[in-house]
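Asker: Take this structure, written in structure tokens, and hold onto it; I'll ask about it next.
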């Protein structure tokens, strides 16, 4: 049976991950630790014999720079890359820039958990005159006003990620190309929910660690057979738990 592999990598720790702030579409860069995580992911992929024909990432530099570091370790810096806003992190609306623990102290752990992980729950909206509104950013100049979010739930994130998967990424895989995607916690959760047919309750509890390669294997009909992280299982579990705890009051 022919098996096709897909590699997903959430960006390494960003400066705002480190500061425990809601990031969303804000274009913050990797922390030193995040760069190290990205390089380690690349080394791990090389050790496991992976190489690629094409890469996808978002238009946010924490994902782009993660991909650069991964490809550098693989000696595949030449690889063609498509960047799309459809792989961006979920837009966190008016929460962007706020400290997660302080927000939990103000609104309660459960409210923040729902804002972070609830399937159809949207954080408070931005206004269009807010400097954080993506309509002010030249990288989104070609998007219609309807496409520019004021806030997003995971459900709304799925609405942009899955058509991009089906229309753009999957056909390339079906043509025989080996693909890697470097993206974000929630754009990857959107894809994982779809691939694994997870319920809304199941996705609520899913936390994807930074900078750890997640491998999906597909059968000849491009149905997922299995998935697994590369690396030390205990370390990966600890990183996922740390992601879950970011939204709790101290």
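Note that Cβ sites are derived from N, Cα and C of the backbone, with glycine treated the same way.
Residues annotated as substrate binding site in Swiss-Prot: 10-17, 23-24, 62, 89-92, 100, 116-117, 185-186. The active site, tele-phosphohistidine intermediate annotation in Swiss-Prot covers 11 and rests on sequence analysis. The active site, proton donor/acceptor annotation in Swiss-Prot covers 89, and the record cites sequence analysis as its basis. Among the features that Swiss-Prot reports, site 'Transition state stabilizer' is placed at 184, with the record citing sequence analysis.
On this model, are these features tucked inside or out on the surface, and what's nearby?
Answerer: Within the same chain, the residues at least 6 positions away from residue 11 (active site, tele-phosphohistidine intermediate) whose Cβ sits under 8 Å from its Cβ are 30, 34, 38, 62, 63, 65, 66, 182, 183, 184, 210, 211, listed in sequence order.
There are 26 other Cβ atoms within 10 Å of the Cβ belonging to residue 89 (active site, proton donor/acceptor). According to DSSP, residue 89 (active site, proton donor/acceptor) is assigned to coil rather than to any helix or strand.
Around the Cβ of residue 184 (site 'Transition state stabilizer'), 28 further Cβ atoms fall within 10 Å across all displayed protein chains. According to DSSP, residue 184 (site 'Transition state stabilizer') is assigned to coil rather than to any helix or strand.
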Asker: Which one, from the binding-site residues 10, 90, 100, has the smallest tally of other C-beta atoms lying within 10 Å of its C-beta?
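Answerer: So among 10, 90, 100, the binding-site residues given, the one with the fewest Cβ atoms within 10 Å is 100.
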Asker: Helix, strand or coil by DSSP: which one applies to residue 13 (substrate binding site)?
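Answerer: Once the DSSP labels are grouped into three classes, residue 13 (substrate binding site) ends up as coil.
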Asker: How would DSSP class residue 100 (substrate binding site) in three states?
Answerer: helix
